[in-house]
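What TrEMBL records for this protein:
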type	residues	note
BINDING	C272, C275, C307, E314	[4Fe-4S] cluster binding site
DOMAIN	14-254	domain 'IspG TIM-barrel'
DOMAIN	268-356	domain 'IspG C-terminal'
Amino acid sequence: MSYRPYQQIERRKSRQIHVGRVPVGGDAPITVQTMTNTLTTDAQATIAQIRLSEIAGVDIVRVSCPDEESTAALAEIVREVNVPIVADIHFHYKRAIEAARAGAACLRINPGNIGSPERVREVVNAAREHGCSIRIGVNAGSLERHLLEKYGEPNPEALVESALEHAKILQDLDFHEFKISVKASDVFMAVAAYQQLADVCDHPLHIGITEAGGKRAGTVKSSIGLGNLLWAGIGDTMRVSLSAEPAEEVHVGWDILKSLGIRHRGVKIISCPSCARQGFNVIQTVATLEERLAHIETPITLSIIGCVVNGPGEALMTDIGVTGGGSGRHMVYASGKQDHTMPAEAMVEHIVELVTEKAAIFQAEIDAKKALDAAAASRVSAVLAAE
Ligand code: SF4
């Protein structure tokens, strides 16, 4: 949480569920999801795609299970990856049961679409038995007929009513390990639906703008929609839906969270757009640094600013700062203070070295704090056990 009051976001209070070992809702970190686009039956290709998403920092991955062959492949996929897998089912209750048996951590299925109450009960029993949570995924493009007739067209009220109807089916079976999404490709409709849903229930919410578009337009649209919701404290897990590779969705998801100061991972680069005053080629330098520093997971901030107009000011708010100077030498700032100059030709290598060293120091501090917290927690447990 930031110490600057204007950066505070008050998060909606939701109940916590688990997707495998990953908590969703409550005070758990807001997680980043994506979905594979390989054939699930091609387990090796799907595993490879999930691994790329893991490198990008994904927390949870969804995999489509349209047929029995896919749920058969799911067992191997689950075994070979490190993140929990959500099986995307939609209609067929048998696929849901197979996916639960195959090790899915969560089933994306709408209980109202499964059919008879007996089938719903079977799916819920399978979920319970195998420790699966459920995602109710309402989509403006596939609203139930009775709601379309009632409202005339998809709208936020219809999305919320649909979600609550599905939720009631699970609650009546005393199943509460579920989260809800109410997605629409229209950003106004999606945001309004999530706002209304957030007001009337405490279930964790999976947020997303569905079918947002290609990489650039989809990123903008998702940032507006998800940014708006997250800023208002709404959302416990998120997916940026792009017509792009899954790892790209993960990068964008992280960038949205980083922009709002909600979660930090890796190097956050603040850079100027550059202009005639730049002391070095800012655009090229930033592109190279993004690539060279992509493997760093420790949160750290770096400002790359072309000249003294904004450089010193931005450096004040970053761990390492660089400002373009004259005569082929540029200024390096450490924790906001001028530290030393570096020659233009060695710039990229030098920055990579500085960031790597500082990230290692930060990581050691994080690990030491974790060890201290764990020791304190086990002392408390020991005292409680002795009482
Ligand atoms: S910081 Fe300097 S180089 Fe960068 S855009 Fe502003 S004036 Fe131009």
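Using the three backbone atoms N, Cα and C, a Cβ is placed for every residue, glycine included.
Here the features listed in TrEMBL are painted onto the structure.
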residue	record	CB count, 10 Å
C272	[4Fe-4S] cluster binding site	21
C275	[4Fe-4S] cluster binding site	10
C307	[4Fe-4S] cluster binding site	20
E314	[4Fe-4S] cluster binding site	21
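In this structure, the binding-site residues that sit close to ligand 1, with a C-beta under 6 angstroms from any of its atoms, are C272, C275, C307, chosen from C272, C275, C307, E314. Per DSSP, the domain 'IspG C-terminal' (268-356) is made up of 29 helix, 27 strand, 33 coil. Report note: the [4Fe-4S] cluster site is defined by C272, C275, C307, E314, and the residues of the same chain whose CB lies within 8 Å of the CB centroid of those residues, excluding them, are P273, S274, R277, Q278, V282, I305, G306, V309, N310, G311, T323, G324.
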